[in-house]
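The transmembrane segment annotation in TrEMBL covers 12-29, 35-53, 60-80, 86-107, 114-131, 165-182, 217-241, 253-278, 290-314. According to TrEMBL, the feature domain 'ABC transporter' maps to 358-605.
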Amino acid sequence: MTTMSMQKGVQPVLTIILVLLAAVAPLLMSPSNVQLFIFWGINILLAQSINLLSGLGGQISLGHAAFYAIGAYVSAIFMVRFGFPLYITILLSAAVNALVGFLVSFPAGRVREFYLAMMTLGFGFVIEEIIKEWSSVTGGVMGLSGIPSPKLGTMHLFGIQLNLIHYYWIVFLVVVLMVWMLRNFVQSYYGRSFLAIHRSELSAASIGISPGRVKQLAYTMSACLAGVAGALYAHLMAYIGANSFGMMQSIEILVMGILGGFGTIIGPILGAGFLTFIANKLQFIKDYQLMIYSLLLVISFLFIPRGFAGLLGIRTALSKEKRLQKVKPISEISEVKPVRIPGREARTLSYSPHHKKLKVEGVIKDFGGLRALQHVSLELGQGTILGLVGPNGSGKSTLVNVISGVYPVTEGKISFGKAEITNMPTHAIAGQGIIRTFQDPHNVGNMTVKENLLLGRHQKYRSGIVSCVLNLKSSLLEEQEMLVKVHEMMELCSLAQYSEELVENLPYGVQRMVEVARAILAEPELLLLDEPAAGLSEHEMQELSKLIRYIKSRGISVILIDHHMEFLMGLIDEVIVLDSGKMIYSGDAQGMQTNQQVIEAYLGVANHA
């Protein structure tokens, strides 16, 4: 038996032992310690909630306690006034909070950074004021009392009077279930899309990920999780008031996530535990709580920027491959037939483009008083490589940005196949089959090569969120199919040796190849390559040339911008030359080299002489 197989066998056993120990722990503890561990469970849910929104989704939230408050009040009110049982009030808290989170995502999704921080801070203050002023429902500044609680022996479930130990088990089950579901979510294409928009919304949109939809999902799920935590808190305390959900609580939630380690599953658990037990021990200096939290954040940013999880070298995998390997290795599933590419072994791309033609008609693009593109028109058929040539500032990248939806068109029309794509959002244009790369590789640096390539398959997934979160067979089979495609692509691009390496740690040339491979995995009809050879060595340019020729052989059209003329001339079928936003030449490469306007604008008059 190998060491790896032994580790695979030991891990489930250790997990079962830890779960059993946690389950029997309250039988061996004093009531005060049982309550402390219940608080830890509630804080785990809060820390995972902010981790989902900020750590994974990259959305700043300074008013997160508002969601916590809504969950607490919804559960308390429905139990006190209507007599609903605990499991119903928890579900109601989750549902109401999910709706509120979804609604908040619309204004929040339109702003970033400082403005987003201020908006979420304002949201927190608004909810706090509503709680204080809506006294007929919330009890106002006096708070809401008489909430059934296991601590007081006033809570019943299925005819059983609950005590603290019973409540511990309920909280324990909820936390285990939520963490398991969250892990499944993070390791799905949904979770990877969160990290993609965190790194760059533009890059994510360029491969078909809708930043708006991802943000809506992030706010909805995060609020839902905070709502469950709020419901559990209300029934533990038997009393809730607006002061329990103010700015200080929002900061505490942030500190738990940041200290533990954003972007991981284990990190928020550690952060929640640290703050729960430290806060309990430091009750005598509660007046200095804000100062202590501030110091903890400063220390974390300076010395452990990735939190406790980073300090311990813990990273959450963003793919289910290791779990799938236990069923059947990916290498045994792949049945694709090898295809010959000059100079390397590779596998085939198993799709065929739909013969769409790109038409750009009289496009004008203005930036204030500057006209960057002037009446540019072009047509591009299937399997054609079109080179865009021109001096710096001539409008090459602007044209690519206009085609891909990064910039809106001032005048003119762009169509692709039967669809008019003028001023469509970037992710919608990617959905039509136009995929692009950037002048600098726009990969997600803290994801592995394999995980980055899985992002390229995002549009091809069909599993719903419920299927992914519950790890249903359909979602696992789909993930398996996507991993087969990714492994094919890694072989094709000589990336297999880097499969488990973080992209940010790789040489520039490898990062460039990862971005191109990811774009190809999106199965484009048209691929826009913006200076892909920039910064590459001679050998790397040769490898890239082989890949681009292979792309063409599959019927994929390419628009290629590059300043390496030798690299460009060996690939292109047609060329367009731009100068100051005007198209001064359109034709073959040989004609470009003898064209007087091109010589003057691009090569220089001296060369002609």
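Glycine residues also receive a Cβ, built from the backbone N, Cα and C atoms like all the rest.
Remember, TrEMBL labels are computer predictions, not curated facts.
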Any chance the transmembrane segment (12-29) and the transmembrane segment (217-241) have 3 or more Cβ pairs under 8 A, given the pairs are 6 or more apart in sequence? no
Sequence-distant contacts of the transmembrane segment (35-53), meaning Cβ under 8 Å and at least 6 residues beyond its ends, amount to 25-26, 29, 59, 61, 64, 67-68, 151, 164, 167-168, 171-172, 174-175, 178-179, 182, 194, 218-219, 221-223, 225-226, 228-229, 232-233, 236, 253-254, 256-257, 260, 262-265, 267-269, 271-273, 275-277, 280
In contact by Cβ distance (the transmembrane segment (217-241), the transmembrane segment (86-107); 3 or more pairs under 8 Å): yes
Long-range CB partners for the transmembrane segment (217-241) (under 8 A, at least six residues beyond its ends), listed in sequence order, are 35, 38-39, 41-43, 45-46, 48-50, 52-53, 56-57, 59, 61, 64, 67-76, 79, 86, 89-90, 93-98, 100-102, 104-105, 108-109, 139, 141-152, 154-155, 167, 170-171, 174, 178, 182, 185, 190, 194, 465
Per-residue pLDDT averaged over the domain 'ABC transporter' (358-605) comes to what? 92
